[in-house]
């Protein structure tokens, strides 16, 4: 019987470097929400890619970041660090410049023996690739990376190079997931994340970090899925901002989310949204656990 190869690859980096976009590109479909705002990803998400006799389970993590005053930030850092345990490869994503936050992430890797690929993302924004040479020289002196790969997660340029490099590190093993499965997350989780993505894309800089989404109904019928969700905010003033004048903003969120859900589930979706205030939820460990954050 022909052997199969299967293993885990963690995607890490500071917030907003394009980790989730890279995961979606690797999988050939969207399973991790994206926005231009940092810290869009809050939960660890597995993306499964099976190609012939190789299965790679990519682990998309929240962005590692210094400054952990809020309880929710400490939870996200623990989640990201926890993803580094027992993986077969690490994909460390940066932008085409080196920042102090990148150095802080690298410090978290220096005691880990797992091979690390350095991905320089967003190279589609650079006119001349020769501009990357000083950066490549600098990072090469900081750590013995398995390979340094400039790519564009947005366009897909050189993503195949990364994929082939990761394949070479996968150990011989039976597949952990059926070949057709693309994520470990439930339909309910995907629905709540789609709603949160639309909120983050429509709202200002601060409010998205005070938002959470929980489902109170998820019912599959023959021709339609009925979903009811609560959007939690921390302050009464934020509730008005989320709803918008005459309910216009909440209506846009609902429409955009419903259209994405219908693509994901392959059937019609009836979606209802409510906005409620839960003061201090992002600093309350009990409430964070209720919302799906893990120790």
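Cβ coordinates are placed from backbone N, Cα and C, and glycine is handled just like the others.
As recorded in Swiss-Prot:
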type    : residues              : note
BINDING : 13-20, 60-64, 121-124 : GTP binding site
DOMAIN  : 5-172                 : domain 'Era-type G'
DOMAIN  : 203-279               : domain 'KH type-2'
REGION  : 13-20                 : region 'G1'
REGION  : 39-43                 : region 'G2'
REGION  : 60-63                 : region 'G3'
REGION  : 121-124               : region 'G4'
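Mapped onto this structure are the features recorded in Swiss-Prot.
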| residue | record | Cβ neighbours (10 Å) |
| --- | --- | --- |
| 13 | GTP binding site | 26 |
| 16 | GTP binding site | 19 |
| 19 | GTP binding site | 30 |
| 61 | GTP binding site | 24 |
| 123 | GTP binding site | 21 |
